[in-house]
């Protein structure tokens, strides 16, 4: 086991993601949906064990490709003998790294890929039948036992690396110190005003992330911190007994204040590690055991970190979920009002329909949905409960293919992570592992009252409704909506609910 060092990244999470509302001519290509047969073949022969073997032994015949050319240049220009990288678990990324390992061996380069993203390594937790868990609760119980039984293995930290001596500048590796880290990915650059806003909302670097974590652990929730605010703004009130994490078990679904850690962009970008977060909870409690139970705020938050591991574990065990396939293949036949492109050039005539644009722009006539979608455009981020509400509205009430929403979130959220994003969308669409049952369809009005009781979040992001001071803000009358210039509901909740129940009950029928 190699000990982990702290993240040294100083790039802001926003530099890795770009809102599509900025008008950039991105080269991002439509994602392809594999056939059921192709997906089944990959599931039967997943690339993960192949990569593990390649890391250990190398392969004799690498397939020529861009990654091969890249590593040849590394060997030629840098004269490197060792290369280290963290594993990426999506199917194409693992196939790429298998090629890298084989070419590296041919060039005399020792390529080492290590587990870093997860707390518990993928594949480490299996059932008594030696199969991957497909129910989160069962996985999480074993995850917690495994973690607490092997704390040094999973959580032991190591000292920060010592700085190089000045003599390194005159060595054959001197060119490395002349290289700069790009501030953005080509095609995903931010316009200056948006760049400034993102830097304000998401301050860059590990030190800032650690400060945000510390505040989550030790300070109270503030309604003033809702929306596009500096997460480290002054005015915090320290109170360990009433801190945000302590209250997380009862307040985690509330969107009307800073009830969550807001660390997801930093976790996704690798600015802070999930292991650091778990260690911090142990230090807060002053114990040598991880709390992952349902009855405490700390335990509930640790369970959210376990969800990350769970979804990554599924991507490794069932590669087809990163190939555009539903995990529950029986729902591949569900009739959607709009379908994601299969990558063969066809495009549904409804894929950019007025209904979809209304959802994207926060103009559906359902206040909590509209506030949430406008929050995405404003912050590049969204509270998890609101992600569930908007995703279920798209897939069950608008009956749009879940892959349309999955893609939109990946393009517009700065914490985009394939495993978690895919898992969340398939949960809401009832097509994934351990999903929400298809007959459980969120009522957006009821969900609005639960997530935003006083309507403060709605007023923040839907200014047309800011003058409504009563509970009507959750479901304005037609008269009120017209007077305030707010759209009427684009679909009828009860009718669309029945449509969804009918189509999921008998996939393939209208």
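Even glycines carry a Cβ here, placed using N, Cα and C.
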Correct range for region 'Disordered' (source TrEMBL, candidates 181-220, 221-260, 261-300, 301-340): 221-260
Residues satisfying Cβ distance under 8 Å from residue 301 (FAD binding site), sequence separation of at least 6: 245, 248, 252, 261, 281
For residue 262 (FAD binding site): DSSP state (helix, strand, coil): coil
Number of other Cβ atoms within 10 Å of the Cβ of residue 415 (FAD binding site) across all protein chains: 22
Nonlocal residues around residue 262 (FAD binding site), in sequence order (Cβ under 8 Å, 6 or more apart): 212, 216, 231, 381
The compositional bias 'Basic and acidic residues' (237-255) - residue tally per DSSP class, helix then strand then coil: 7 helix, 1 strand, 11 coil
Three-state secondary structure, which DSSP defines for residue 415 (FAD binding site): coil
